[in-house]
Structure formats: C-alpha cells, structure tokens
C-alpha cells in the first residue's frame, strides 16, 4: 500500500501550542526594552492626531496590588487601541512622592526629624525612600506588559515638577481663590495634621449618646413664645450629641426656622424639643408622664439665650438649614471650631470660633478645671459626669455608628479649627464654574457625573495647607503682625520656584528671606506649611501635561482611575484646573470598580482572599491577567479568584488555538505571490473574510466605547462559533487534500491570511505578548511590531445582492447545526463512528431546498459527511427526524456507501478506478496526479 501522507498539505508552524506565558513573557519584555519599542511606536505615530491619557500617579509606597494592575492594564488597553485607531497616544507614567505615608515609613526606620537628624536630612531620606519604591513598582508595571516612557516617568518630587506645583499655587492666588481662616478641618491626632477628604475612611465606633438640658436665661420670656404661663421649674432647650468632648467649645444651639417645637412639662422642669421627635425623646429620657404646654416655630426662638451647663456663660439659639428631624431633639449643639456646618452658621451669626483642643488631641490649658491636657476621647466620660453633677444630663446611652477615621492609623479623627490656607469655593465663583465644566466632560460610566456634581455642590472650601516636613512648601511670606500676604507674593513665589527647579524643595527651607526681599525680611516671615499632596497630583495637568514635550501643548483627553477618585484626584484636578485656567483638565473621565473576591468580598489580608498580581504573572502569565481585566465589566465591582482566572486561562487557550490553526495552515503561503483575488475566491472563503470584517467593525466600535468585555465576547464568538465550529472545520478537507497551489487551497489560505492579519491586531491591546508572538510567525513583509500599525484594512465581504450572501450562509450554519445533532445521536447509538461515515438526506421545503441544492456536489463538504442529497419535504422517509429549529427541514441518516479513502477519509464508490492509484478515490487521484479538484462554493 502506497503512503499518501506526503501528498497531504498538513498544518505546520513553529508557533507553540502551549503559551508558557510565565516563562516566555520576560524574554519578550527584554526584547521590547532592548529595541526601545516605546520609542519605535512614538516615531511611527509622529504627526498623527493625539490622544492623551494622563496617568493618575499611584503613591510611591509598597508593592503593587491587584487594583493597581487593573488600573494600569485598562490604561494600556486604551493607549494601544488608540494607536491602532491611528492616534499618537504617548503614555507617561507618574508617581505621587510626597506626603505622610512616606514620612511615617522613614520615621519608623530612622526616627522623627529633629530627634536624630535635621529636617533637611529627613527630607533627603524621604526622597531616597520614594525613589526605591518607584523602582520596585515600575518593574511590576512593566512586567504587566504596559508600554510607556518608563525611563522618564514624572515624579511629583522631580525638581521641575515641584517648582511647577508652586507656580500652580501662584496662579490660583493671582486669580483670587486663596484665603486664610481658622476653619474646622479633618484632623488626625496621631498624624498631628489636617487630612484631605480622600484620606478619611469610615469605621464603626461606639460613642456616648447624650441628651443635655440648656436652661433658659429668661424662662418666662421663652415660655411666652409658646403661649405658656404656668410653668413648673426651669425651662430648658434639649440638645442631643454623640461628641460630649465638643461641649466646652459650644457657643450656640441651632434650631430650624420652619420646624414646630413644643414646650413640654415634666416633673420639676419644662423641656423644648421638636414636635415630631417628642415621643422618641420622652422614651429615651424615660418619661411617661408629660404635658404639652404649647408649640411654636423655631423662628420665634431665634436669639433667645440659654445657659451653658458648665462653662459659666450663656449661648444664643440660632437658625440653620442643617437642622433635621432624622434623629436627636431638633436642637443642635453648635461648636464652630468642631464642625463645618457649625462653622458656617457660627460665621453667619458672628460667633466665636472656639478651639480648645491642641494638635495632639488634648485640651489646651485653661479649657476647664480637670480637663486641661486630657485626650478628648478619654474626656467623654468626665464630661458626662460633669453634666450629671450639674443636673443637666437627661439621658446617656451607648451608640454604635459610622465614624470618620484616619486612612493611615485607622483611629478616630476630630474636626478642629486651626489657622489654615484654603482654596475658596465661592469667593471667585470656583464652585459655579466647576459645576459648569463638569457638564462638558464625558463621564464613563455616566453616573460619575451626578456623583462629582453633588460632591462639588456640597464640598467645603479646600484646606490645602499641611503641617508636614516632606511636601512642597507653600512658599508664602506673611506679615509678622497682620499675617497678610506680601504684596509681591507672585514675584516672590516665582523666585522660589526657580530655586526649587535647581535644588528641589530643600531650597525653600535653606532660603534666607533677605536674599529675595531685602529689608522686608524684618517684617515678613516664611509660612512653614506644606501643600496637601492632593494639590501635588491635582496640579499635574499643569506641572506635567502642559510642559512635557511629547504632549506638545495638548490638554489631557482622559483621566482613568478607581471610583474613589471622584472625591480624590478627579476632584482636586478639576478644582485646580478651573481655578488656574477656568476649565476642566480632561475631556473624558473613566472610572473602574474595586476588585473583590469570587464571593464579592472586599480584598483583605486578614481574610486571606487577596490575589497577588505578581503570583498570577509568575504562574499564568501577564496575558491571562490582562484577559481577566478586559473580560470583566469594570463599571461595577471586579471579581477575581483562582477559579475566575482559570476561566480566563481557558478562554485564552481558545484564542491561542485559533491563532495556531491559522498560522499552521498558512504554511508555504507567500502573500506576495499566492494571494487569490476576491472575485476568484471560493464563496465560503469570502464569507469567512466577511465574518472577520463584521467582527472587526464590532470590535473597533467596542474599543472606541471602552467596552472591553464586549471586545472579548465578540472575539470569543468569532473564534469559537463562526470560525471554530463552522469555517475552520469545513476547510480542513480542502486545505489538507487539495493540490498545494490550487485555487481551491490558495483561496482558503488567502482568507486565513486576511483573518490572521485582522485577529492579531484585535488582540494586541489586550493579549499584547501573544499578539507580538503571533506577529512574528505571520508570512509576508511587515513592520517589526504589531503595535506600530493600525487596524487591518484588507477585509471585504459578500455583497447583499449575491445569491450566496451572509444571510444564505447563516441559514447553512443552522442546517449544519441540525445535521450535527442527528449525527451525534447516531454516534451515541453506535450507528456511525464519525461524521464521514454518514450519508444524509435533507428533506426540505422549496425555499430551503433551493439554498441547499445551489451547493450541488459541495453540500457534503459543508455538512462534513461523505454523501448528501436534498429531497422534497413532503416525501420524507418515516425515520427522518424533524428539525426543532427549522420547521421546513427533516434529516435522515444512513451509513455512507462505498469504502473509506485512506487519503481523504471520505467514503466513496470510485476507489480503484485508476490503476496507478488503485487505493484512493477519484477526487484524490485528481489532486495527487491530475489537474486537481475545482471548488466553487465550499
């Protein structure tokens, strides 16, 4: 028996079946670095329209976690897809390098500044520490396959950037947005510093919940407001609070003008509470027997005076919109030094903003006998006892509630009025302009707009000063007596900025004011404060984007961060850009959700459910991590676990297998010589190229909409269904058995070539390593890297006017699916071994029958059977099976006639007709020794 194996065109490629990504990716990365791939891309894209995704700087502290990976991978997918869409999209990664977490790390290792070394040495150690952290994180980000200018990232501690941050503040001052005030700010007693809004987290805490009576100075006058005369005992306004420690700073009681208040007689005294809260208050203070003596609106009680229970002075009743009926008594204890609402209303009434608490959270000397030097949280019990002694305590209980805590220390924080510098939201219309700018930005997902609008609408003035060592100095000089800014502030700030540009922020602390202001130094002093780190990162649109040459003066198109950044980086950037330039710093803002485990729980080291990106890359490879990110809907929480990553690895295998099949069957194909013109191609091959065109249209549209899980779904549908279970199955016979350079085979290879050229580009933004690998195995002349090109423009499809158009092949797909069901059943019943052992008869209604007979002899190749014929539906044999999907179709199956051809494995009755090739069928004889078979349709 002759061996005909050598006459077959068997698939062959060096592209490995197994990805072995964890082993192979580092080698590819080394090549990318050696070749300066990022530089090659920039050169290739020079002069194209720009798309700038500005990197929100991660904090230079600790190893990267899964959330960092999600963020950087999403950015990389966008930058690479924009490149393929014809944009020049430079990506400059950045790091946030100043601030408290770095100070704390350096303190832990070396001690506090001033203890063992100077503040200047401390700053040098902070700079050193931040630099090592940047290097560690950079390695991991590069390992993810993220392309960017990693050799020249921006750091907020670069001397240039530090100088430009000072200039940004100068511009804001010049535009009239800065003011000084003793406003209550979030204050961490452990950090001994003000905290930004974004540095506050909420945890459950048990606090004392107390009801306190403030006695009216003129009981009769207050009772008269209720139309009451025969009052027994003192008249008291009742407040409810969970922060007894703030009572020494009380300077008023707030009521709501429109709320109804009642005067209630209980044993020995009369109480004033909100009418709607009367029952709950009486229940709380354990009073069953009471009489309502009268009622009045809050407005009637304005400026009536009440005696502070223990401070020895009296306070007014004032009116505020912040008073609600949600809880308490309807009367709010008001301490302007300890709360933003209290501060605002106290300002309105011109009340003293008292702050008896020091930076360490203890009462200042002279606060009250026995309280001086006591920690405020420890003082709660003392104050409760004091109120009890004074007869002012109506009730005390414990309340578990959500309480603001420091993001670093996880300890409760306080509101504390300290002299600070603020960016005013309203004195020059910053709030109104910011709200206007928000409307011109595209927010993705769109609920981001309402979220940031409500935050901007309700936020207080932004406290930008900090009492820290490692930060950009405010670089201000104030009059020693009046504390007014120097009249030449902007010039002086520019002078400081120039020095910082040369020597970094230490230049400020080394500066002798005489050097830049002469004799004015006698009456002006340096402001010792540093800037909030959110000012550092929030001004990068100016300190980085406006000055980096690769951005060529273009503003950022997109900011992309986690959804917590509405109140963080998106907010600070919007405030600074609007205050400086009157406009938003971005055109689009995309937010992604947080990572959770497979059960939807927050990642936590204590639960042990964290997924380390380093582990995933070392075990499965970065492309699997990238595929997981792309296939997860980032608009909500993003679940990740070993099981979920295993599913991503399975999907990856399907894509890799498709790519390998394509490459293996392009063996021996030279696109310069072997390409078949579209009009001469087999119809099914043109259909397959059309499928790729439709898929590409969908995929490109999904990339443009940043809908990456849709990209992955469409890619999987193309690989698994349109190609895997239909086209690639059908063409194996023609591909392997036809004459090597026949039109039948070259037509098929032409289709596979076009599909491969398109597919490698579709996967490049997501599966970057795999795309690079595939690219290296594709035939034909090409650029060195897929990343320098654009979407493939060589695809074409079938015209709708053709008889065998897309709709025709869709119908054939369905028929084939129905035939497969019958064959599978026959295999299960042991009637046939494989589909080529089958002969099928399709009983079809006239319209469908016409479609099937149009294929003539080639119908069997589409059905993957050795024989196939079409008969009238009405003449169906009794054993024909009715299709569930297609009403006008019945399928009958029999064993194929004849013998199995050892070369093509089809069953046929013409084996042995040609003496020289007596073992093979007539079709194979033609393909081996004759002109080769002709295929028109499939």
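Every residue gets a Cβ built from N, Cα and C, even glycine.
Range 602-606 is the one annotated as motif ''KMSKS' region', of 587-591, 592-596, 597-601, 602-606 (source: Swiss-Prot).
Looking at the stretches 47-57, 58-68, 69-79, 80-90, the one that Swiss-Prot records under the feature motif ''HIGH' region' is 58-68. Residues 737, 902, 903, 905, 906, 908, 911, 920, 922, 923, 925 surround the recorded Zn(2+) site, their Cβ atoms falling within 8 Å of the Cβ centroid of 901, 904, 921, 924, which are themselves excluded. Within 10 Å of its Cβ, the residue among the binding-site residues 561, 605, 924 with the fewest other Cβ atoms is 605. For the motif ''KMSKS' region' (602-606), DSSP puts the residue distribution at 0 helix, 1 strand, 4 coil. One residue stands out among the binding-site residues 904, 921 for having the most other Cβ atoms within 10 Å of its Cβ: 921. Mean pLDDT, taken over the motif ''HIGH' region' (58-68), works out to 91 on the 0 to 100 scale. For the motif ''HIGH' region' (58-68), the residues of the chain that approach it from at least six positions outside its boundaries are 95-97, 99, 101-102, 105, 130-131, 133-134, 136-137, 140-141, 155, 562, 594-595, 603, 610-614, 640, judged by C-beta separation under 8 angstroms. Taking DSSP states H, G and I as helix and E and B as strand, the motif ''HIGH' region' (58-68) has 3 helix, 1 strand, 7 coil. For the pair residue 904 (Zn(2+) binding site) and residue 605 (ATP binding site), the Cα-Cα distance reads 59 Å.
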